[in-house]
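Trainee: Have a look at this one before I ask anything.
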């Protein structure tokens, strides 16, 4: 007997999956969800329980049907006897018939009308009696969220008016179409003495339900590890992969820097390893932001002659957020200025402590150019993969993740996929993110056409009807019609979702998400002007104690807010706190596009108060800062009794006389205050628009220099 899943077995018996799950639990069988496969012995035990009870119900129904047929036959015989009795009566005389012809005609009409009325009444009465006989109050019912009064009455086999009356006695005015909440539903059911249970609704459009991890699957075999290489620019990521794979990837790319995500598979000591070569860590984060978790091991490449750099720190934070083991590859040890010990010392500050120093992080010194240490690195990858016990079932229909996608001029939409479970075949009907299709051709990482690909294998496919996004999941279906239906439904849902507000956390909606149980950790990224301020702010935020949510600092750094910070905040559903710093142009655009909340402050107390108030639900709708323009200082003039006049050129928006201003130098805020004078030539001006020059003096501030940015802003009252 072939294995069946719980929902398939339930469908055969016209039962709810929940009933099967409850019965299995009563048999002391551990059940994770409705997708779990049933063993042969379990199916036999369930057959005895459910099919036997169904057989009894069928016999009972047949007995009732036979009894009903017998009654119908008796009624028919009675009618025939009555009819023959009426026919045997003698007819009246012709004279009497002629004499009362009109009267008989009228009587006949009245009689027909009376008979028709009686027949109509009989038709109505007969089904009513039958329903009253079969209607019984069930001992238990199941319901879906949002059940109405009418639907509940139908399930309980009672009149809607009875339920409406009970609701009225509870102080609830309702009609037949009123939806009931769980608390009210429990009160009504308890009043009727009926047990209720919420139905588990399975959404086939949710591709995540097909990514089940069945550890008891006897067909599961060991699969290759998926490794991501990350690190600072020019520290040798692609050169390292090139040395491992014995190809010259770097030479064929512009400037020697990786331009796209490459996925490659190599074999070492009889075991395969799949490498994802990401451009820095942006793609890695983008995939994780869409819910994809494809990486098993992260290799952090650090140059021995350069040490820990800003992108190295960001890569460490990304790896920690993804919760995958990290192996540190200390590259360029063959250079005269190499100092591996310094690298290890610097990385201990970020929680990566070498095994030799009592930690649990593997450090491998190597040279990507000469090939020294490559074998040691591959050996360490094999050991870490062995400890993780990575397994997959090649006999299932394939599921996995999109690594990259493009629109090819000759082939149409093409996508690089990583198979995570099952086997992908040419001709399979597939749903990829919000698109679908049938696989027309499949190419491996060597550029060769293949017909099938097993777990942890990267392939490029064609045949889908649109370009998916990196990080989208894919699922193979046995029926092309089903794949089309699900793909179209997902596309429509994505269009609707794009029109709605983003659900990224912000201080404005933080308390609402806490109430709904959606928030347990508030992820925070802190950027400041000096390291001391950043550390002080991080320590202060960690001390905030509000029940139901914790503050988690996921990244801190000195300098202006950049696009990478916004990407990390979006992937981690976090917010960005800027202390005495401003976002650059790219960060502003990215934050607006991804709806990431950025809060800019100059006083630590204000930051703490704002976040604590948001966590307690006390954040009042007051004012929002709106930047109205920027001017660049081109020349300065010092005038006695006046101060420093900044000869400026308005580069963005406009500068108004009543606006607040801040002076920014190299992305760091130096001063915030009010405008003193705004002049156009010798005349006072109310405002100066973009593209015009003006003279600016600032109250109580004269330390203006050429190249400074004067940013004008207004405080606008908003409704939250």
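Placed from the backbone N, Cα and C atoms, the Cβ positions cover glycine too.
Here's the feature list from Swiss-Prot:
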BINDING   231-238, 277-281, 331-334  GTP binding site
COMPBIAS  60-75  compositional bias 'Low complexity'
COMPBIAS  99-113  compositional bias 'Low complexity'
COMPBIAS  114-123  compositional bias 'Basic residues'
DOMAIN    222-391  domain 'tr-type G'
REGION    48-138  region 'Disordered'
REGION    231-238  region 'G1'
REGION    256-260  region 'G2'
REGION    277-280  region 'G3'
REGION    331-334  region 'G4'
Trainee: Could you check the binding-site residues 237, 333 and say which one's CB has the most other CB atoms within 10 Å?
Mentor: 237
Trainee: Write out the long-range same-chain contacts of residue 231 (GTP binding site), meaning residues 6 or more apart in sequence whose Cβ is under 8 Å from its Cβ.
Mentor: 237, 300, 301, 302, 311, 312, 315
Trainee: DSSP secondary structure for residue 237 (GTP binding site), reduced to helix/strand/coil, please.
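Mentor: In the DSSP reduction, residue 237 (GTP binding site) maps to helix.
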Trainee: Give the number of CB atoms, excluding that of residue 234 (GTP binding site) itself, located within 10 Å of its CB.
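Mentor: Excluding its own Cβ, residue 234 (GTP binding site) sees 14 Cβ atoms within 10 Å.
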